[in-house]
Amino acid sequence: MEFIKITEQPSLYDDLDKKSVKEILEDINTEDHKVADAVQKAIPQIEKLVTLIIPRVKKGGRIFYMGAGTSGRLGVLDASEIPPTFGMPPTVVIGLIAGGDTALRNPVENAEDDMSRGWEELLQHHINSEDTVIGIAASGTTPYVIGAMRTAREHGILTGCITSNPNSPMATEADVPIEVIVGPEYVTGSSRMKSGTAQKMILNMISTTIMIELGRVQGNKMVNMQLSNQKLIDRGTRMIIEELHLDYEKAEALLLLHGSVKSAIEAYRRHNSTQQE
């Protein structure tokens with residue numbers, strides 16, 4: 001099938017430099033409305049990938065996001081949110097970006113063009129057959145990502161990808177390709193815009209669904225979140241109040257004693273059950 005680089009096609013808008021601020025903002029918002037529809041069409045593939053990942057993570061497997069530039073930064077961002085949000089170790093979801101941590105703030109020349117570097121970085125993490133590699137690249141042509149996915153697949157490791165072009169080279173290396181076709185960017189070729197928004201949405205969907213299925217959420221609450229600041233301590237305290245009907249002071253003391261909402265609630269209920277016996 002033909003590889004069409006939609007991400008490089010001309011914008012549907014012209015003379016951007018002659019538009020008013022309001023016109024530019026309204027145009028961008030109009031284009032952004034298309035992103036959610038494109039993501040919705042990709043849900044069957046997202047579901048397929050997530051369904052394959054869940055049992056792997058339950059057996060100790062990890063998820064590696066790999067990308068360059070905006071795509072790499074979004075992968076690192078999503079991975080970095082898993083420990084504080086769900087109380088998981090930082091080794092469960094790992095974001096790798098071409099050029100390393102320096103590339104999070106500054107471009108690293110030619111880093112994404114190295115076909116072998118991605119796999120070398122995965123080897124440093126002792127990647128194994130229970131793990132999953134998810135490549136992220138709007139174009140679907142990033143050598144750093146493609147090389148890592150190709151070698152991972154040769155070693156029997158599950159591969160997925162998120163791209164904004166159909167039938168891309170990256171998609172051919174994925175067991176489950178997620179193609180989210182958002183159309184030409186408002187600024188021609190600026191894939192940090194709609195493509196980046198779509199990537200962020202899909203990464204949210206993947207990681208959140210997996211964490212819910214792993215039992216890291218109860219009801220609709222982040223009962224395993226890390227208590228890293230006063231706002232989160234207050235949030236956790238109010239969760240306990242809602243669940244156990246304690247006053248604020250007792251709920252907060254219980255939370256701080258046990259370190260998480262889930263542990264605090266379980267300990268309180270065990271204690272009460274023992275008392276009643």
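For all residues, glycine too, the Cβ spot is worked out from N, Cα and C.
Per Swiss-Prot, the features are:
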ACT_SITE  GLU81  active site, proton donor
ACT_SITE  GLU112  active site
DOMAIN    53-216  domain 'SIS'
Tertiary neighbours of GLU81 (active site, proton donor) (same chain, Cβ under 8 Å, six or more apart): SER207
Cβ neighbours of GLU112 (active site) where a neighbour is any other Cβ within 10 Å: 25
Taken over the domain 'SIS' (53-216), the model's mean pLDDT: 98
